[in-house]
Structure formats: C-alpha cells, structure tokens
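> Here it is: the structure, laid out below.
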Amino acid sequence: MIRLENVTKVYARGARPALDDVSLEVERGEFVFLVGASGSGKSTCLRLVLREERPSAGKVFVAGRDLSNLSSWKVPELRRKIGIVFQDFRLLPNKTVFENVAFALQVIGKRRHTIQLEVPEVLEMVGLGGKEKRRPHELSGGEQQRVAIARAYVNRPPILLADEPTGNLDPTTSMGIMRLLDRINRTGTTVVMATHDEDTVNQWRRRVVELSDGHVTRDQAEGTYDSSRRVRDMTPAPDAVTVGDA
Amino acid sequence: MRAQFILGEIGSGLRRNLSMTISVILVTFVSLTFVGAAALIQMQIGKLKDDWYDRVEVTVYLCPNDSPAPTCAAGEATEDDIAGLQTVIDDELGEQVERVYVESKADAFAAFQERFPDGYMSVPLTEDDMQASIRLKLVDPETDYVVVSDVLTGRPGVESVEDQRAIFEPLFLALNRASLIAAGLAGVMLLAAVLLITTTIRLSAFSRRRETSIMRLVGASNVFIQLPFLLEGAIAAVIGALFAVGGLYVGVQYLVTDWLAQSVSWVAYVDGTDVLFVAPALIGIAFVLAAISSVVTLRRYTRI
C-alpha cells in the first residue's frame, strides 16, 4: 500500500538529511507505529506519503502509484485516498462538529444528500452521536480528536495517517482514540501512526518501525516502544505484514 | 453543492475583509473612470475629426490689389492666373482634390454681408475690400494638404495657401494631451488597484489558511481552493468597474449632453451611448486585472 524505496530527503542544502536511504513497505490493512525521537524523520515520512514533500532521492509508492512522476493536478486525487489526523486536531473553530466533518466532503464536491447520509454515520461510529451541533471549543480534547478522525475517515480512505494523535491527550483518552483507530484498521484501512506514546505502543503490540537520525533502526512485528525490551520479548518479525488484513 | 459552497465562501470572504473589499472597489472605480475618460476624449476627438474634416477646406487666397506678398508683385490676380491655377489643380492634383470652388470678390462680399449685416466692427466695407479665393475640398485632408500646399504656393496670383484644419489643431492637441494625462493617471491608479487586490487576496487567503490547509489535505482540487479567492477579487473589481461606468455616464450626461451640447451646439459630442460602448472594455479590464493579480498571489499562498 505504501512503499518507500531508498528514500533520502534533504531539506536544506548541506544539512543532515531528514531521511537517509530509507526503505519501508506497509501492506494493505496493516497497522504500523512509527516511533523515534523528535527529528528522527517520522513526520517527513508522513509528508512524503501525502506528497507534501518530494524525496531528494529514491521513490515513494502509494496505492500503486509512483509519486515521483505524479503530476501536481493529480495530487488532490491521491489525497482523497489518504486520511490524516494531527496532534493539534486542526478543526475549524467557527464550524460545528457536523460542519467540520461535512467540510471534508463539501470541498471534494460531494452531493448534499451524500453528506447528510455519511456524516451522521461516521459521527456515530466515532462515538459523537448527539454532539453534531457543538463547536470544537465546547468539546474535550479526546472528543475533538474524534471529530478530526471522523473528518479524516468520512470519505473512507484506504489509508489513514496519524501524526501523534494522542500527543495532547491523557492516557485514558488516548486509549479511547487507539480503540477507534484499531476499529478503523479492522475495516481494512491501512493505518500508519507516528507516536511518542510509549504506553500505547507497548500495550497495542503492533508492527513498530523505529527511526533514528533518518535511518530505520528497527522494524519489528508486535513490537514495543523501546528496542531494549525487544531483547526480552524476542518477538519474531516476519509474518507481521499480514496482521489486520480483514 | 459545489456552486453553493463556493458562493458561500465568497460571501464570507468579502464580508470578513469588508474594508479591503471597499477599498478595492473604490480604487478600481477611480482608475477605470480615468481609463474611461481617456477613451471618451479619444472618441470625442474622433467625432470632431469626422464631423469637421468633412467640412474643412484648403483655401488658396488669391492676390488682392495691394498685397505685400512677393508673389503678388504683379498686382491683383487676373482671370488668366485663376484659369492657370485651375489647370494646375486639374492636372497635378486630380487625385487629391475632390471639389474646386472659386469664390470671387462678389461672392465673398455677399457672404460677408450675410454674416455681418452692419459692417465689421462698424467699419463699412465694400466689395473691393474682399479677397477672392479658390476653395479646395480634399479627398483626405489629413495627408494631402502638404502636397496641395507644395504645388500651389508661390504660383502667380497666389498670395497664400491656408489649411483650415490648422485652426483646429490646437484644440485636438489640447484634447490629446488631456486624454494622455487621463491615461497616465489611469495607469498609476491601475497599478495601485493591482497592488491592493493582491494585498486583499493575500489577507483573505491568510485569514482562511486553516480552511485552505484542510482543503488541501482532504484532496480538494486546486480550482476549488482558489476559485473563491479569485472570484472575490474579480467581484470587487467588477463592482468598481460598474461604478466607473455609472460615474462616466452621469458625467457625460451632465457635463456634455446637458451643458456643453446646449451652449455650443454646432459640433458632435460623445453621449451616453458612447459610455455604454466603453463599458464592456472597462469591466473586462477590471476582471483581467483581478484575475492576474489573484493568480500571481494564489500561486504563492495556496500551493498544493
């Protein structure tokens, strides 16, 4: 579903590359944690997949498409296949919950009756049924993130990217968000989640890809946040690629 | 859905930047008024030329009795001189001259008496004080005068050759300069308009950067993201252009049709119809200006 082939990304000429010869493959329906310290290249990975950035060298394939020769007018089409969730939610403060989710469909030209049908359904799914008329500032952090997830998922994209979605949330709320992402993953959606949240990663035991200074230093099925614990766990890696392919 | 959504975006954008929108409208209004004024002055010049050049003639003044001019040393022009001149005109200027009319002293006196029945400035004049002339109507007064003047000046019996067109030249010159000034001011104002539209769109894009960033992420097309901004600028500019058309129409109506045409009625003037003729061009200019400044700005601010 997502494949990086020997990707190098250098932002400023002469600077240390944000990604250095990274190769990574994520299968359809997989759930992958992208872990690593700040500046290790997690966000760059996500930005490359969204084609917000182009690699300095190497190739990025998303849903079978080579992004390096994707013309810019086809980028919107690509992004309709990818949902994205951020740490800071990025909701529109002057729109209600319903309008925030509907916005994602409006701007890609969906019909009104489709929106009237889809939005309540996805809000129900993320557990916000009955809060359609609230504005973001009237909601808790966890609820706001659910709205953001609803917005990312309402168009049923085959890929969902999450950039530290639990970064601003307490552990209990994070757990709720993770359950939601897991549920979305079970519908066959490929989920890639960049995170710092050690507890979550350790609890969920999914494939973990660790980045450090722009290199992939670990790629482990059912992994944990720390590579030190891997030694204890000794989890075999290979068959992880098919996990969650439901 | 799409149209409704875009219209909603445009409406909220214009309302949110109301003061900027108003300033765009005013600046385009003023600048296009100057553009329109320059165009109307040019049209007025055209009308005057059409109108007067049909009537103007080249006058070949024949030597009177006691002219100081060297070509008239032989005294008053004789019948032979006149006949000779007519032959020259027929032979050498057949292509340039459309019509020839010889005004004798008697004709000139009759015309004089008709115009000044009581004598010029109370001085009684007789037929002998008049000057005979040959009036030439040229095919193309703009270019042929030089040829005609070259051929006829200095011939026996000719005192001077005068182009009536020369009388109007200062007027045309003044009008041309006025239209140049208007065009110059229009240029400066249009530049201001472009900069202002650019700034307005930039502000609008900045105040809606959250929306546009989300639109980009969920895969809205470029057109969909940029169209509201583009149309916002265009709508404001076109409203300015409509004001300019209205202003010019009222101006022409009061200044020209109701006042100038009443007091000096023997020339053709521009009127409301001419303003309406200029209107589409003004609206077009407004639209193109807005579109160009939008595209340039948006390329930088709402890039995919």
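A Cβ is built for glycine as well, from the same backbone N, Cα and C atoms used for every other residue.
Feature list, courtesy of TrEMBL:
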DOMAIN    B:56-161  domain 'FtsX extracellular'
DOMAIN    B:185-301  domain 'ABC3 transporter permease C-terminal'
TRANSMEM  B:21-45  transmembrane segment
TRANSMEM  B:180-203  transmembrane segment
TRANSMEM  B:223-256  transmembrane segment
TRANSMEM  B:276-298  transmembrane segment
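Tell me about the surroundings of these features in the structure.
Per-residue confidence over the domain 'FtsX extracellular' (B:56-161) averages out at a pLDDT of 80.
Note on the domain 'ABC3 transporter permease C-terminal' (B:185-301): DSSP counts are 104 helix, 0 strand, 13 coil.
Sequence-distant contacts of the transmembrane segment (B:180-203) (same chain, at least 6 residues past either end, Cβ-Cβ under 8 Å): 17, 20-21, 23-24, 27-28, 30-32, 34-35, 37-38, 41, 229, 232-233, 236-237, 240, 285, 289-290, 292-294, 296-298, 301.
Sequence-distant contacts of the transmembrane segment (B:276-298), counting only residues of its own chain at least 6 positions beyond either end whose CB sits under 8 Å from a CB of the stretch, comprise 28, 32, 35-36, 39-40, 43, 190, 193-194, 197-198, 201-202, 205, 226, 229-230, 233-234, 236-238, 240-242, 244-245, 248-249.
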